[in-house]
Amino acid sequence: MGNCGTRDEAAVFTPQAQAQQLQKKHSRSVSDLSDPSTPRFRDDSRTPISYAQVIPFTLFELETITKSFRPDYILGEGGFGTVYKGYIDDNLRVGLKSLPVAVKVLNKEGLQGHREWLTEVNFLGQLRHPNLVKLIGYCCEDDHRLLVYEFMLRGSLENHLFRKTTAPLSWSRRMMIALGAAKGLAFLHNAERPVIYRDFKTSNILLDSDYTAKLSDFGLAKAGPQGDETHVSTRVMGTYGYAAPEYVMTGHLTARSDVYSFGVVLLEMLTGRKSVDKTRPSKEQNLVDWARPKLNDKRKLLQIIDPRLENQYSVRAAQKACSLAYYCLSQNPKARPLMSDVVETLEPLQCTGDALIPCATTTAGAAFAMGGVPDYRMHRRFAKNVGPGAICRSPNPNYSPGGPAACRVR
């Protein structure tokens, strides 16, 4: 693999070696540390932890996989690098199976680029879920940083929503994608060591051949607050138009910051509009500013639904989806639902539209007509001043203090 750290560093740290390093650095602040079970990189480390499910590749092997990074193999380009399509042949190395892959080559931008690369390896090396893109391997050779992912045949949600040459996604498919992405975020937030994704947007939601949504690009992910901490303080990073307002203003990051970003993406899926579009009239350039006041108005919300979805959904389904987006986009983070609430709210919507997807059979489905929450009747008396901007409370700590868990009563 070559050397991707200093000369006296091993190419890859084992978890045991990392634990020994941590004991030596125990006096450092929490933000500088990780333990073998925590998906957080060490700020002084230049090499990833080794994981049984993640393969270390040589640069020569990845050149072979991508035909020397041929320009016509490029799948996309972004701020962190270029992604190429590749194919692992079973003759490449003993024990490897033949499969198509996506190879991301990071820009050579020094420490910051390396840290983002290392974050992806250390998060995706540990986290496995049907709605997270699978990290197959990596390469760390000299100043080269590469990542190898499973190949996602359908590309990004962004392309399907906004490319004029792409057939528009149906209502049922959009709801299916929204649910899959929500499950991915809920998994991160509910992990033993919670993870804040920090860069949830349509270009980071990839679709496989069955349109299963998978979150990709974990370069900005952060370990969530621990113990009595209420938030993580960090430099503001992400994408304009998706970042939560309180995070932009203060640098205070919580799981509810991701919920806001989810609300923006859901709004993009409902309207077919970009979060920020400078080609539109000035009052319509910021999607949230333009659409959110209409989301809770039954007379206006149908005016903002993507016209390409005409006759594909029921009015009731549109109201439910718009109401969910409304609360996800609350200015007050505490009024936003938890991602687990979002999942329960979206599950019953899988049986609407063109009925290609079977109806959900969860308890949430049975209670959905009454507000979208299991055991709704038991909790109804705890909702007060129900309506836009209301502060609602639930006796169950698994529910959010606002949003779908208690407030979406009409």
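Including glycine, each Cβ sits where the backbone N, Cα and C put it.
Residues annotated as active site, proton acceptor in Swiss-Prot: D199. DSSP assigns D199 (active site, proton acceptor) to coil in the three-state reduction, outside any helix or strand. Remark: D199 (active site, proton acceptor) has D217, G219, L220, A221, M237, G238, T239, Y242, S261 as non-local neighbours, by Cβ distance under 8 Å and separation of at least 6 in sequence.
Annotated ATP binding site per Swiss-Prot: L75, G76, E77, G78, G79, F80, G81, T82, V83, K104, in sequence order, evidence recorded as sequence analysis. V83 (ATP binding site) carries a strand DSSP state (E or B). Taking a C-beta cut-off of under 8 Å and a sequence gap of six or more, V83 (ATP binding site) has these contacts in its own chain: I74, L75, G76, E77, A102, V103, K104, V105.
Here Swiss-Prot flags 1-10 as compositional bias 'Basic and acidic residues'.
As annotated by Swiss-Prot, domain 'Protein kinase' applies to 69-350, with the evidence given as sequence analysis.
Feature annotation from Swiss-Prot assigns N-myristoyl glycine to G2.
Annotated S-palmitoyl cysteine per Swiss-Prot: C4, in sequence order.
Of all Cβ atoms in the protein chains displayed, 14 besides its own lie within 10 Å of the Cβ of T58 (phosphothreonine). Taken from Swiss-Prot, the feature phosphothreonine applies to T58 (among others), supported by similarity to another entry.
DSSP assigns Y149 (phosphotyrosine) to a strand. Sequence-distant neighbours of Y149 (phosphotyrosine) (same chain, 6+ apart, CB under 8 A from its CB) are V101, A102, V103, K104, V133, K134, L135, I136, S216. Per Swiss-Prot, phosphotyrosine is recorded for Y149 (among others).
Look at Swiss-Prot and you will find S203 (among others) tagged as phosphoserine. In the shown protein chains, 18 other C-beta atoms lie within 10 A of the C-beta of S203 (phosphoserine).
The phosphoserine annotation in Swiss-Prot covers S233 (among others).
The phosphothreonine feature in Swiss-Prot is assigned to T234 (among others); the stated evidence is similarity to another entry. Of all the Cβ atoms in the protein chains shown, 15 others lie within 10 Å of the Cβ of T234 (phosphothreonine).
Of all Cβ atoms in the protein chains displayed, 19 besides its own lie within 10 Å of the Cβ of T239 (phosphothreonine). The DSSP secondary structure for T239 (phosphothreonine) is coil. Annotation comment: Swiss-Prot describes T239 (among others) as phosphothreonine.
Under the three-state DSSP scheme, Y247 (phosphotyrosine) falls in the helix class. Here Y247 (phosphotyrosine) comes close to V236, G238, L253, S257: these same-chain residues lie at least six apart in sequence, with C-beta atoms under 8 angstroms from its C-beta. Here Swiss-Prot flags Y247 (among others) as phosphotyrosine, drawing on similarity to another entry.
The feature region 'Disordered' is assigned by Swiss-Prot to 1-45.
In terms of local Cβ density within 10 Å, G81 ranks first among the binding-site residues E77, G81. L75 (ATP binding site) falls within a strand when secondary structure is assigned with DSSP. For the pair T58 (phosphothreonine) and S203 (phosphoserine), the C-alpha distance works out to 28 angstrom.
All protein chains shown were included, and the count of other CB atoms within 10 Å of the CB of L75 (ATP binding site) stands at 16. For S203 (phosphoserine) paired with G81 (ATP binding site), the C-alpha to C-alpha distance reads 14 Å.
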